[in-house]
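Participant: One structure, pasted below without further comment.
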Amino acid sequence: MGGGRWAAAGALLALAAGLLAAGSASEYDYVSFQSDIGAYQSGRFYTKPPQCVDIPADLRLCHNVGYKRMVLPNLLEHETMAEVKQQASSWVPLLNKNCHIGTQVFLCSLFAPVCLDRPIYPCRWLCEAVRDSCEPVMQFFGFYWPEMLKCDKFPEGDVCIAMTPPNATEASKPQGTTVCPPCDNELKSEAIIEHLCASEFALRMKIKEVKKENGDKKIVPKKKKPLKLGPIKKKELKKLVLYLKNGADCPCHQLDNLSHHFLIMGRKVKSQYLLTAIHKWDKKNKEFKTFMKKMKNHECPTFQSVFK
């Protein structure tokens, strides 16, 4: 996302600069749009006045968005930084899929809004462009576009956060999926940890066979060792079968050679256990070894799913 991300952030900051100049102020420690947010968010009002705070380094979704300070409460009714971090962490794996050039700007305009004298929401067309590009990727993981980001909530003709002219978004849409998204993962220790935290279960697994079934890939394990059981009951472990959702016809190169052990992560959707990430279990790989060390002591944030 490199250049596109910074260009998008620059557009957002240009808007911010213009609005700040109009308000004859250079920086707001306390901003004055409490009643506006309350009116927009179903009449909800907050006990503390909105304030500008630094975007912390561990708010991975927005730390490098291009500006350094944000408003709390944010535009999704999160009143504390702990709540923002918990909810935002579930979006980091999607951001890494690069499904749309505007994903980070759109999400951060809500999770970590730039400090202005009134709330500025993302443009409806930006929401629709990100949704249309990213929801097909989300569906591989058993997710749909969440109610809290419903695009008709956002302004159409008013001042709003935009990164490019509306007709330029078409060029940034992916031209079809080449690799099954759960198989297209960066082999970096931090990225694997993020996937682990966003997944409900994790297993070390030897795979017996892979079949096509009803548009999915069906993965039959041979041997498995739980690293994180989550919703899997011990009695279910013996007969466990995994599915790569909508993956019947997209390649997953890790599954081309089943002689290795794998790190498999996933989540339960209804009665199915879906694969959300797969890596070759490679102790010789430096990044994988780093992940193994971090995993022993790493505490994932606990959060209620924002996708329900």
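Glycine too: its Cβ is placed from the backbone N, Cα and C atoms.
Sharing the feature lines straight out of Swiss-Prot:
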| type | residues | note |
| --- | --- | --- |
| DISULFID | Cys52-Cys115 | disulfide bond |
| DISULFID | Cys62-Cys108 | disulfide bond |
| DISULFID | Cys99-Cys134 | disulfide bond |
| DISULFID | Cys123-Cys160 | disulfide bond |
| DISULFID | Cys127-Cys151 | disulfide bond |
| DISULFID | Cys180-Cys250 | disulfide bond |
| DISULFID | Cys183-Cys252 | disulfide bond |
| DISULFID | Cys197-Cys300 | disulfide bond |
| DOMAIN | 47-163 | domain 'FZ' |
| DOMAIN | 180-300 | domain 'NTR' |
| CARBOHYD | Asn167 | N-linked glycosylation site |
| SIGNAL | 1-25 | signal peptide |
Participant: Using all protein chains shown, find which of the disulfide-bonded residues Cys127, Cys300 scores highest when you count other CB atoms within 10 A of its CB.
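Facilitator: Counting every other Cβ within 10 Å of each candidate, the maximum falls on Cys127.
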Participant: Identify which of the disulfide-bonded residues Cys62, Cys160, Cys183, Cys197, Cys252 has its Cβ surrounded by the largest number of other Cβ atoms within 10 Å, counting every protein chain shown.
Facilitator: Cys62
Participant: Tell me, by DSSP, whether Cys134 (disulfide bond) is helix, strand or coil?
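Facilitator: Reduced to three states, the DSSP call for Cys134 (disulfide bond) is helix.
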Participant: Can you give me the average pLDDT across the domain 'NTR' (180-300), rounded to a whole number?
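Facilitator: Residues in the domain 'NTR' (180-300) carry a mean pLDDT of 92 in this prediction.
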Participant: Around Cys180 (disulfide bond), which residues of its chain at least 6 apart sit with Cβ under 8 Å of its Cβ?
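Facilitator: In sequence order, Phe140, Lys217, Leu244, Asn246, Gly247, Cys250, Pro251, Cys252 meet the Cβ cut-off.
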Participant: How does the domain 'NTR' (180-300) divide up by DSSP, counting helix, then strand, then coil residues?
Facilitator: 33 helix, 47 strand, 41 coil
Participant: When the Cα of Cys99 (disulfide bond) is compared with the Cα of each of the disulfide-bonded residues Cys62, Cys115, Cys123, Cys127, Cys151, which one is closest?
Facilitator: Cys127
Participant: By CA distance, which of the disulfide-bonded residues (Cys52, Cys115, Cys134, Cys183) lies nearest to Cys197 (disulfide bond)?
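Facilitator: Among Cys52, Cys115, Cys134, Cys183, Cys183.
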Participant: Work out the three-state DSSP category of Cys151 (disulfide bond).
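Facilitator: The residue in question, Cys151 (disulfide bond), is helix (DSSP, three-state).
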Participant: How long is the line from the C-alpha of Cys160 (disulfide bond) to the C-alpha of Cys127 (disulfide bond), rounded to the nearest angstrom?
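Facilitator: That comes out at 11 Å between the alpha carbons.
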Participant: Any idea what the Cα distance is from Cys127 (disulfide bond) over to Cys300 (disulfide bond), rounded to a whole Å?
Facilitator: 28
